[in-house]
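So the structure is just underneath, and the comments pick up after that.
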Amino acid sequence: MGFFTDAYDLFCISLVTKLLGRIYYYRDGAADPGSLPPRVAAAVNGVAFCGTLSGQLFFGWLGDKMGRKRVYGMTLMCMVICSLASGLSFGHTPNSVMATLCFFRFWLGFGIGGDYPLSATIMSEYANKKTRGGFIAAVFAMQGFGILTGGVVTLIVSAAFRSAFPAQADFVWRLILMFGAIPALLTYYWRMKMPETARYTALVAKNAKQAAADMSKVLHMDISAPTPSEAPAAGGGDEASNFGIFSKQFLHRHGLHLLGTATTWFLLDIAFYSQNLFQKDIFTAINWIPKAKTMSALEEVYRIARAQTLIALCGTVPGYWFTVFLIDVIGRFWIQMVGFAMMSVFMLGLAFPYHHWTTPGNHIGFVVMYAFTFFFANFGPNSTTFIVPAEIFPARLRSTCHGISAAAGKAGAIIGSFGFLYAGIGVRNSLFVLAACNVLGLLFTLLVPESKGKSLEELSGENNDDDAPAVAHARTVPV
């Protein structure tokens, strides 16, 4: 439910940005009924990603220092408060309302950022090696339902106000943004009831007795803590096995892995988030959604939400669940490679004959191709880049390394949301750039090890001899 809320909060803003422009930047008598100035639009769309990047680094580090559970509740309360505050944005001028909105969206993103490393790490540390990929993917798959729910809520609210209160459009965007607080608030109790992961308690906090007690609660069976003589030496107490993230040992064992997970997530998010945030502009460009001046503000919101809901239903959600059911069969590496390759193919298929797709009567073919890019993003690198960093690093650095990889992804999302807006290169050239990012992602995937069917300790080297590099046998190419 945390990830459901994350996706709802991050992507619902794209549904209401055109409405914000028409309410606060309306120009009476102009051909264009009003739109956000480019800088304001970039800030409103992208500021949450800046907060998310900061939150991923901070909470990822804090999760390794304080424990996963203690930090997990903090992120959720931050999301609840800032979701409500975003809908209560105030000011005497349009710019001051947007500034207030951006302030609260930044801190909303900060809370969302903490959910990435903590959710992935907690799920990976609870799951067994045979079904671990499917369980982590199922957590991430809730992102698809969050995106879908954003569209459905927007459809319901805009339709209700259009029929009952057509002059009260200012309440529409506020209600849509505030709705994100409800699922987060409902989840808080269950997060606080969850015990700390046994791997953190045993390997990082060095409390085997408490770890056994916690697992007894989870599994509803008696588990006794090992005596000191029985305890395994994994992640032992000597300095050589307790290397830090800036040490030569980490660079030797996991440096290329971190480079691989960070760069693939960075390149993927340039494509994935720019596609998501600018769907409404693409749909208008291919004439699937009529020009703004031909309809009311609430009708425009309704049509944008309908289009994005259809894409989510046909491409986004199915892709996530294909990953859930197949990742422990096919493996992370091949799902990511094929996903990047197919995204490149479909984006080039949209870009080369772009004039054909923009002519009347051809938008259905464009939408089908566009939905397939989302399908292979989610049955591909959008899922695997989230899963692998939670599996291949040592327990004491797992949350930090996942946070670094996720933050690299959000840096890509920031480029996707700000960069294309300022580049002014048009939809066709943007698709060519995104296809090139996917090809690079495919190449950097060669640095990421396959983790299917291996325990976390085997992958991280916590059960290995200190002199042996971790996951040497699991590398996909010789490096």
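Each residue, glycine too, has its Cβ placed from N, Cα and C.
Just so you know, TrEMBL annotations are computer predictions that nobody has curated.
Note that the structure is predicted; figures quoted are calculated from it, not measured.
TrEMBL has this to say about the protein:
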type     : residues : note
DOMAIN   : 1-453    : domain 'Major facilitator superfamily (MFS) profile'
TRANSMEM : 40-59    : transmembrane segment
TRANSMEM : 71-90    : transmembrane segment
TRANSMEM : 96-114   : transmembrane segment
TRANSMEM : 135-159  : transmembrane segment
TRANSMEM : 171-190  : transmembrane segment
TRANSMEM : 310-330  : transmembrane segment
TRANSMEM : 337-357  : transmembrane segment
TRANSMEM : 363-380  : transmembrane segment
TRANSMEM : 401-425  : transmembrane segment
TRANSMEM : 431-448  : transmembrane segment
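In terms of C-beta pairs under 8 Å, the stretch of 135-159, 171-190, 337-357, 363-380, 401-425 lying closest in packing to the transmembrane segment (431-448) is 337-357. Distant neighbours of the transmembrane segment (363-380): 141, 144, 268, 271-272, 275, 282, 286-288, 310-312, 314-320, 322-323, 326, 335-336, 338-340, 342-343, 346-347, 349-350, 357; these residues of the same chain sit at least 6 beyond its ends, with a Cβ under 8 Å from one of its Cβ atoms.
Only sequence-distant pairs (6 or more apart) were considered; of these, fewer than three Cβ pairs between the transmembrane segment (96-114) and the transmembrane segment (135-159) are under 8 A, so the stretches are not in contact. The transmembrane segment (171-190) is not in contact with the transmembrane segment (337-357), judged by fewer than 3 CB-CB distances under 8 Å for residue pairs 6 or more apart in sequence. Remote same-chain residues near the transmembrane segment (337-357) are listed as 268, 271, 286, 363, 365-366, 369-370, 372-373, 376-377, 379-382, 384, 427-429, 431-432, 434-435, 438-439, 441-442, 445 (criterion: CB distance under 8 Å, separation of at least six residues from the stretch ends). Summarised as a single figure, the pLDDT of the domain 'Major facilitator superfamily (MFS) profile' (1-453) averages 86. Under 8 Å from some Cβ of the transmembrane segment (401-425) lie the Cβ atoms of residues 38, 41-42, 45-46, 49-50, 52-54, 56-61, 63, 113, 116-117, 120-121, 245, 254, 258, 261-263, 265-275, 277-278, 385-386, 389-390, 393, 433, all in the same chain and six or more residues away from its ends.
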